[in-house]
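A quick write-up on the structure given underneath.
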Amino acid sequence: MLVIQNLNYSSHATIFFQRFSVIFTDILFIYAVRECCRCVNGKRAGKDIMEKPTFILAALLLWNFGLLIVDHIHFQYNGFLFGLMLLSIARLCQKRYLEGALLFAVLLHFKHIYVYVAPAYGIYLLRSYCFTANNADGSVKWRSFSFLHVTLMGLTVCLVSALSLGPFVVLGQLPQVISRLFPFKRGLCHAYWAPNFWALYNAVDKALTVVGLKYNFLDPTKIPKASMTGGLVQEFQHTVLPSVTPLATLICTLVSILPSVFCLWFKPQGPRGFLQCVVLCALSSFMFGWHVHEKAILLAILPLSLLSVQRAKDAGIYLILTTTGHFSLFPLLFTLPELPIKILLMLLFTIYSFSSLKSLFRRERPLLNWLETIYLVQLVPLEIFCEIIFPLTPWKLTLPFVPLLLTSVYCALGITYAWLKLYVSVLTEPIPVRQKAE
């Protein structure tokens with residue numbers, strides 16, 4: 001199995017090891033969920049255990065449809081990594097700041113995609129741990145800066161970095177590691193477009209290309225065939241709209257993250273504000289990042305689960321994001337035997353999500369308005385067209401990418417809406433007035 005030239009290797013022993021290692025490492029995820037549930041406010045707890053926020057949160061995390069299919073059907077180790085992330089969040093909520101910083105540093109060296117939420121961790125630790133007190137109006141008390149706390153946190157992060165990257169530095173292989181962590185030559189989008197801003201950008205470029213060719217505005221000989229829809233992972237140029245560079249995506253990502261980071265600093269709301277910033281950083285990077293994979297939406301969905309059981313407004317955003325984001329993962333399971341499995345699993349999770357959160361906030365206004373409800377319901381005919389009707393048409397041979405394009409673009413609309421709605425909610429929240437910390 002470890003021979004590099006041994007392509008297409010397969011054995012029952014290998015499959016057995018891989019599957020059971022995923023199940024075993026999920027123990028950490030289960031423990032992290034338990035710790036997160038301990039941080040949830042239980043004021044809304046009902047008499048029935050199934051109506052308690054802690055029970056609902058545990059079910060939303062442990063039974064998460066996206067994590068289930070990505071890890072146990074598509075096969076990856078995201079449960080273990082999200083376990084580290086949720087555990088670090090729980091430790092910060094419990095004011096065990098050094099432990100939370102240690103866990104996040106370990107997580108970051110396991111998988112570098114979590115660098116997208118690093119600004120939220122950095123600002124929150126600086127605001128809550130390095131500065132030990134606030135003024136009466138909630139602003140930071142500059143004289144409370146603790147050099148000892150900064151030193152301890154810096155040593156913790158540097159120790160993890162030294163243990164992780166030290167061997168590569170000694171062997172002179174650090175440039176090789178960095179080149180593989182940031183493969184800019186893979187192109188703006190994956191073979192299946194992640195449902196983000198760039199999917200909409202690509203779709204507009206395609207539409208303008210079709211219109212341009214129809215009315216002779218463009219020269220057909222100068223347009224590459226299937227430039228962005230050929231299913232290949234490589235760099236492509238847009239036809240009408242300006243082509244996007246890695247630097248442009250980095251700038252867009254940073255600009256989209258900055259408002260949430262400013263809110264975390266200037267409008268501190270404790271763990272709740274930290275969680276909001278984590279979700280917005282994850283969503284912003286998903287929206288504007290370079291070569292984003294569709295699975296990265298889980299980086300926003302799982303932390304948002306903690307907010308969804310606390311406030312009705314967040315619950316509504318969660319239902320939109322999780323339903324749309326999970327539906328966008330359907331193309332990962334593309335074989336016929338997997339079709340009823342993914343549909344049934346998503347139906348079960350979605351029905352439970354809607355019913356449990358609706359019951360939790362039954363005394364408040366509806367979680368979704370009529371327009372949001374119509375949008376989510378339209379996912380049903382979209383799936384029927386992509387999986388049943390389209391394969392029976394002649395377009396299957398000439399335009400095989402159409403189902404993926406429709407899924408990506410339609411889901412991108414919902415995820416963009418959820419991102420904007422969460423941002424509006426965070427930016428318009430009143431600044432809390434707090435008494436000076438002791």
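Including glycine, each Cβ sits where the backbone N, Cα and C put it.
Computed from a predicted structure; not experimentally measured.
Feature annotation from TrEMBL assigns transmembrane segment to 15-33, 54-70, 100-126, 146-171, 247-267, 273-292, 340-361, 373-393, 399-420.
Between the transmembrane segment (273-292) and the transmembrane segment (340-361) there are fewer than 3 Cβ pairs closer than 8 Å, counting only residues 6 or more apart in sequence, so the two stretches are not in contact. Where the transmembrane segment (100-126) meets the stretches 15-33, 54-70, 247-267, 373-393, 399-420, the count of C-beta pairs under 8 angstroms peaks at 247-267.
The largest share of C-beta pairs under 8 angstroms with the transmembrane segment (54-70) comes from 340-361, of the ranges 15-33, 247-267, 340-361, 373-393, 399-420.
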